[in-house]
Amino acid sequence: MKYDVVVVGSGVAGPTVARDVAKAGFSVLLVDKKAAIGTPKQCAEGITIEVFKEFDIPYDKRFINREIYGAKIYSPSGYTAELRYKHVSGVILERKVFDKMLAYYAAKAGAEVLARTEVVDVIRRNGKIVGVRAKHEGEPLEIEAKVIVAADGVESTIARKAGINTYAPPHEFDSGYEYEMLIEGYDPDLIHLFFGNEVAPRGYVWIFPKDEDRANVGIGIASDHPQTAKYYLDKWLKENNIPMRKILEVNVGLVPVGGFVKELVKDNVLVVGDAARQVNPVHGGGMKEAMKAASIAAKWIIKALEEENLELLKNYSEEWWRTEGPRMEKLLKLRKAMEKLTDEDLDVFVQLVSGTDLEKLAGGNYLEVVKALMKHPKVLMSRRRLEILKALL
């Protein structure tokens with residue numbers, strides 16, 4: 001089997017690359033180790049509304065569970081800050097359907113798609129990578145390709161086999177645990193985020209509504225914490241008198257939140273999405289970031305193939321670090337500052353921020369918010385709070 005491009009992994013990043021490159025007329029094979037693309041989900045399933053237009057994805061109600069109008073955050077002592085729009089700001093997806101449809105769009109664009117195909121190694125000849133070795137339904141398979149895209153998730157095999165350093169210590173990952181369950185008493189038009197060092201150490205509890213009385217209820221905490229994410233989620237549910245007898249699905253996963261892979265290209269191998277740790281460090285979401293990286297990667301793959309010059313692939317890494325890197329580094333800086341906050345700090349800051357401030361913080365445009373907070377008496381009276389905020393300037 002020979003192709004111009006083989007894409008390993010059919011989550012969000014992989015099909016985006018495959019679709020765009022196939023549209024340009026090149027032969028593409030998209031493979032995924034799962035028997036059913038999109039399962040199991042490892043995601044809270046929330047995404048901003050802008051993604052559909054930006055990445056040319058149909059707004060298809062088949063994979064949209066619920067439209068969302070904003071967010072509400074809760075401090076340890078119960079103080080709240082709310083951001084509510086008059087228009088739809090995001091949606092809660094059905095990832096099992098969404099991921100499969102992204103693969104479908106890639107196939108419609110001309111890519112070939114193979115599920116239940118696990119890539120286990122790269123093929124080297126004369127010191128160069130010329131393809132990948134895989135197992136398709138247990139049978140060995142060799143796939144030759146001019147370009148290889150590692151979109152195979154946080155534990156990327158291909159990036160590592162190609163010699164790209166994707167290592168990160170356990171502390172740089174969050175452990176996620178989530179129930180899809182029946183739940184009442186929370187506005188289903190908003191996502192809800194609960195903070196506190198006893199609630200979710202270094203993370204938060206989320207409620208992402210999928211229906212009037214059904215939601216993804218999950219938690220992310222430091223993966224090296226002595227207690228498990230499940231322990232803290234069950235504890236929170238019990239403390240809030242939320243029954244645990246109507247759980248429809250359980251999902252677990254690791255989220256890379258501590259930094260990004262520096263070398264995104266090595267020779268003819270590109271790494272994108274979770275495999276490159278291209279995840280928003282503040283909230284742990286990675287779908288939009290994955291599609292953005294995939295779009296940049298696809299652009300340079302097309303140019304490299306058109307000009308028969310694989311050296312052009314390096315421009316993907318350069319462009320991502322130039323256009324996305326500064327914002328992502330600022331968000332990482334913000335996350336590290338947030339990790340130092342006590343419950344009292346969280347109470348103070350949630351009381352002081354507005355809904356608009358929340359939007360700016362989540363997007364990395366936080367300088368004016370920080371400057372305003374630094375003038376407030378509750379911050380000025382605390383040298384430690386001032387130092388935490390100053391570190392963000």
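Every residue gets a Cβ built from N, Cα and C, even glycine.
Source: prediction; values computed, not measured.
Feature annotations, reproduced from Swiss-Prot:
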- Ala13, Asp32, Cys43, Ala44, Gly46, Arg95, Val119, Asp274, Gly286: FAD binding site (BINDING)
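Scoring each of the binding-site residues (Gly46, Gly286) by how many neighbouring Cβ atoms lie within 10 Å, the top position goes to Gly286. The Cβ of Val119 (FAD binding site) has 25 other Cβ atoms within 10 Å, all protein chains considered.
A simple way to gauge crowding: the CB of Cys43 (FAD binding site) has 25 other CB atoms within 10 angstroms, across all the protein chains here. Ala13 (FAD binding site) carries a helical DSSP state (H, G or I). Cβ neighbours of Ala13 (FAD binding site) (same chain, under 8 Å, six or more residues apart in sequence): Ala151, Val272, Gly273, Asp274, Ala275, Ala290, Met291, Ala293, Ala294.
In the three-state DSSP assignment, the secondary structure recorded for Gly46 (FAD binding site) is strand. Annotation note: Val119 (FAD binding site) sits in a strand segment as assigned by DSSP.
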